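Here is the structure we will look at, set down as structure tokens.
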Amino acid sequence: MHLPSLSVALALVSSSLALPQTVLPESDVSSHAAAVKEAFSHAWDGYMKYAFPHDELLPISNSYGDSRNGWGASAVDALSTAIVMRNATIVNQILDHIAKIDYSKTSDTVSLFETTIRYLGGMLSGYDLLKGPAADLVKDSTKVDMLLQQSKNLGDVLKFAFDTPSGVPYNNINITSHGNDGATTNGLAVTGTLVLEWTRLSDLTGDQEYAKLSQRAESYLLAPQPSSGEPFPGLVGSEISIQTGQFTNGFVSWNGGSDSFYEYLMKMYVYDPKRFATYKDRWVAAAESSIDHLASSPASRPDLTFLATYNKGSLGLSSQHLACFDGGSYLLGGTVLDRADLIDFGLKLVDGCAETYHQTLTGIGPESFGWDEKSVPADQKEFYERAGFYVQSGAYILRPEVIESFYYAYRVTGKKQYRDWVWNAFVNINKYCRTGSGFAGLTDVNAVNGGNRYDNQESFLFAEVMKYAYLTHAPGMSPISIADEDKANESRG
């Protein structure tokens, strides 16, 4: 997964939390924010010139891709960031495009998960912002109302995926034939990263069907069966039977495939504490169990902390860029619950993931890394001794999770170091990934110049990387309160 992101009204963190802030000199704030806006506009202009209305820009060949069903994923994913940046021109361009999308038509298989987090999340967050703090950006209110109608249209197209014996949905579906790929299981993250957007859709439309469908699927994750599917309190396996709703393994991880299930537990509680107190309880159990059973420090760098995986009595000493949202999740949960211990542990996780950026040649973190001293590649022994990890996959595909957690750390602590880390990451992405028309991924972050480049610009560059970088440096921490900032972060990206 990419992330999340936060999610719609999503992680409605109340501004009454009174998070501490530090203030940059206005000139520095303005120049950093302006640089991020320029990078966003650069990527957007390239997308519009060479790829619109397709899903993504191919920023080296100056062509386009349609990996997300050809509905214009980059445009929809960019909406909330364009709103936060108060770019009315781009906002209205995107609204005009969304009004023309026919979500009932595609020649490709549809991913329920990806379509929910990019399209449904993108439209709902845009709707909330344009009905609230950014209402002045769009003069024609019917264009904003269209976002909710299109969200409902999309939900109606997708909802047959939940028509299974258990209510656990199929992920890969054919919206024309109402068929599926014949899978017997669905993943933890895929099943557990629908409930926020689908619940929000019900709350906005008054039609409870969407919430009921997603919450029924979630119910199996909140009360896992059999007991082997929950090796530690709150920590559950990675695969669920579509037929029965039971867990089919006990593989525990905060990595891709499981990650955003844990992320959404706390965000559901923040969204509505009265309705979703159980989600909070499950997140707390998972967070505490992770501290007790998954926290791991490299032998060469005992000052660092990562979350290991667990399976059948053994820890796996490896992690992913995707998992680096974990520090931000602890910081959000710890702040909302007034738990200093969870905040402190979250900052340890942030520091660990920060090193995956600080130690590479590009200053950008790898797709996956390990710290098992018995498995260090021969050509990385010196690097491991210094850095505390070794690179497993050196790719960088414009993922946001590390910057996301830096952003949380800055908002929670007010410490300049975290804002600087966001800025340094942004500068390095701008340096090594930028092309003439946009931003490309890197094949090896620990090679000179990042190795070669991937000819693809993921939509979550717009939805998350640029948004977190901008919000960290926006003058006055942006004119939108922290509650509304989190509305903006609907799309996980």
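Numbering starts at 1 and runs along the chain as it is shown here.
Just so it is clear, glycine is given a Cβ too, placed from its N, Cα and C backbone atoms.
Using a 10 Å Cβ-Cβ cutoff, GLU367 (active site, proton donor) registers 20 neighbours. Under the heading active site, proton donor, Swiss-Prot lists GLU367, citing similarity to another entry as support.
Annotation comment: Swiss-Prot describes CYS324-CYS353 as disulfide bond. Here CYS353 (disulfide bond) comes close to PHE306, CYS324, GLY327, GLY365, GLU401, VAL402, SER405: these same-chain residues lie at least six apart in sequence, with C-beta atoms under 8 angstroms from its C-beta.
Sequence-distant contacts of ASN87 (N-linked glycosylation site), defined as residues of its own chain at least six apart whose C-beta falls under 8 angstroms from its C-beta, comprise LYS37, SER41. The N-linked glycosylation site annotation in Swiss-Prot covers ASN87 (among others) and is backed by sequence analysis.
The Cβ of ASN174 (N-linked glycosylation site) has 15 other Cβ atoms within 10 Å, all protein chains considered. Secondary structure at ASN174 (N-linked glycosylation site), as computed by DSSP, is strand. Sequence annotations record features per position, and here Swiss-Prot assigns N-linked glycosylation site to ASN174 (among others) based on sequence analysis.
The N-linked glycosylation site annotation in Swiss-Prot covers ASN489 (among others).
According to Swiss-Prot, the feature signal peptide maps to 1-18, an assignment based on sequence analysis.
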- Query: If you measure ASN174 (N-linked glycosylation site) to GLU367 (active site, proton donor) at Cα, how many Å is it?
  - Reply: 30
